[in-house]
Amino acid sequence: MAAATERTDELVREYLLFRGFTAALKQLDAEIKADREKGFRVDKIVEQLQQFVQSYDLAALRDYWGYLDRRLFSRLEDMYRPTVNKLKTSLYRYYLVHTVQTGRNDKAQEFFLKQASELQNQAEWKDWFVLPFLPAPDSNPTFATYFSRQWADTFIVSLHNFLSVLFQCMPVPVILNLEAECHRSSLIQEENESLRHKLFALQAESSRMKKEELEVEEAVVHHKLPAYVANMDRLGDSELDMTCSQRSTAHSLQSRGGFLSSLLSQSKKGPARPAQPSGASPTQTGSVLLGKKEPANHQSAKGKEGTASSKDGKSHFSGLVAGESSSLQQRQKRLQEHGKERRELLSKGTSQVQSAEKKADISTSEPEPCSEPQADQAETSTKMPASSTESVGVRQEQPFIVLSQEEYGEHHSSIMYCRVDCSGRRVASLDVDGVIKVWSFNPIMQTKASSISKSPLLSLEWATKRDRLLLLGSGVGTVRLYDTEAKKNLCEISIDEDMPRILSLACSPSGASFVCSAAAQSPISHMDFSVVTSGGKSMNQVPGKLLLWDTKTMKQQLQFSLEPEPIAINCTAFNHNGNLLVTGAADGIVRLFDMQQHECAMSWKAHDGEVYSVEFSYDENTVYSIGEDGKFIQWNIHKSGLKISEYALPSEATGPFVLSGYSGYKQVQFPRGRLFAFDSEGNYMLTCSSTGGVIFKLNGEDKVLESCLSLGGHRAPVVTVDWSTAMDCGTCLTASMDGKIKLTTLLAQKS
């Protein structure tokens, strides 16, 4: 409701300004500024009550609660009146406990003097009048419960939940329902689009079935990743070649039918062996599907006429018998696969027949999550191994209360980016299939805009001033400006034909410009995966450029100098005022740029391998970086290369991220989005893990990394995170390889 109210206020302002009602507009702004209901923001109302308690302002506390009672609680049915009275009693006791804990017994006595006439006839208050005169009330059995931290936290959460439910259930004017109506219309449009895609998919399947009925060859099956996904790989155009070899006494033929791959997923399918080892490096993005060898002893396919069995017992695939009976059996199995393939086609959101055929080739062996379901309730994490120079501890007292955890599940493939806008109201998410979703989560999750890119997308960034705009970097050398409210592209600019991969985008806090990292295609298209998984460093450091563009004119302002040689920049981040820019590159070097002089102020070798993610600290005197070597390091920006602290993180926090399935395949994704994020004061850090986000406490004095809270909730590895503190309650985003995004709302426990 708060989001709808805020949006309606903006619409009313726009209307009054359009009509020239300036006096009414000024009056509206004045009343909104003095709004005691805080725009139906529950967190703001609770914060206001806490401020009155902490300032010992009893009169203001009584007056504000009375206003809420008249304005909101009076609308409730009589059956809820006891609940309101209990909350009021708890609020007064919360005030009294605070006065005693802070040594202000005079305020406690003042409370009973002013409230005596109201409270003396209430049975629940008869024991409380002696409170100011007890020497140690926190040890008294009557009052000990109320002096515990648990009771105070429970009261705040109960009050927060009560107000939230009240705002969701109260009747609202018609104008506030406009957003819901728009959302309903959007859902209908999406449903129509989905049905249209389904029609195209069925037509494609029908055409393919007619062609395959004419083919009787059997086969070596050649699998390739679609170029759409392959171009996103950081090392280059990774492709997956699967060779099916058949040793039969009769013959060995090749099949041109792409749909034969669906037959191999049945009981007659043997293990796949890659023709060429393939791998990837974080200079290119995407998920790489790799074949995993299985035991090679399989029986040959059965047919009514019988087939010749494999002589050596070691062939990877057994033969399929050609003949009428075998063809009939194949067609029956194809029909069993049609439902699954159509769902896969619809989830990818394409209406092209060629694209549908490509996606069907890889949909038959979709990896399944190997981990058990994680409990939704947050729990304390175990101790994390540290490097030889730093230690990692376990924090016993949790600094946050988990208010809720929700799931956004409209993506159907691995997430690359997931970012909250500056206002903390909307989220933009991008998956490896080029599907962009813009959605809100307050008060309920709603998809505001959805788009499917024809060209592969590699990067995403919110504009800072006009937070309705998104910057989208592609794999074909272009950057698009997308309006999330109008749901259309405002413009598209070409960066560099020789540097087609836009690896990173960062918008200046002033909103006047943005930096763009462009990189060339990798000259190496295949790499041995064993090198990558064993921790080997990237051998493919491609050249790149770092460019500054004007946001208004969408013209290039300058190109930064990258020393010692031009290199692909993987990650970029501005400080709070945009005067400094920190970057992490494929050569392992962190560079700090002076944006006023437009030159590199300092650079240093930070990691053995590529730099995956960089961020400024809260005080901006240091920067943090995560690299291919699995280290999380803090650097002093006032002295080049001065290391303040270093921690060794597990591979599940730094990547590459691996999702294994029972089908024998592995899906591997290299880091692309943000790998860590800080809270509002920079004391806590959110990172990735195999089952959800993990929060650590950063302790600069003791140089330890304390594991505080495990958010959990994921069945697949988390590949990118974000932490929004624009609202009073922190919002943690964790996105995983199965396309699920968890949104966890945290309430900080003030010490």
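Here the Cβ of each residue, glycine as well, is placed from N, Cα and C on the backbone.
Check Swiss-Prot against the ranges 188-212, 538-562, 638-662 and you find coiled coil recorded for 188-212. Stretch with the largest number of CB pairs closer than 8 A to the repeat 'WD 7' (713-751), among 410-449, 452-492, 564-603, 606-645: 410-449. For the repeat 'WD 5' (606-645), the model's average pLDDT works out to 92. Only residues 6 or more beyond the boundaries of the repeat 'WD 1' (410-449), in the same chain, are considered here, and those with a CB under 8 A from a CB of the stretch are 1-4, 6, 164, 167-168, 179, 183, 186, 190, 228-229, 232, 285-287, 347-349, 455-462, 464, 467, 470, 472, 482, 484-485, 487, 659, 667, 669, 672-674, 719-722, 724-727, 731, 733, 735-741, 743.
The helix, strand and coil residue counts that DSSP assigns across the repeat 'WD 2' (452-492) are 0 helix, 24 strand, 17 coil.
For the repeat 'WD 2' (452-492), same-chain residues at least 6 beyond its ends with a Cβ under 8 Å from one of its own Cβ atoms are 228-229, 231-232, 285-286, 349-350, 416-417, 419, 421-423, 426, 428, 430, 433-436, 438, 499-511, 514, 516-518, 549, 551, 554, 672.
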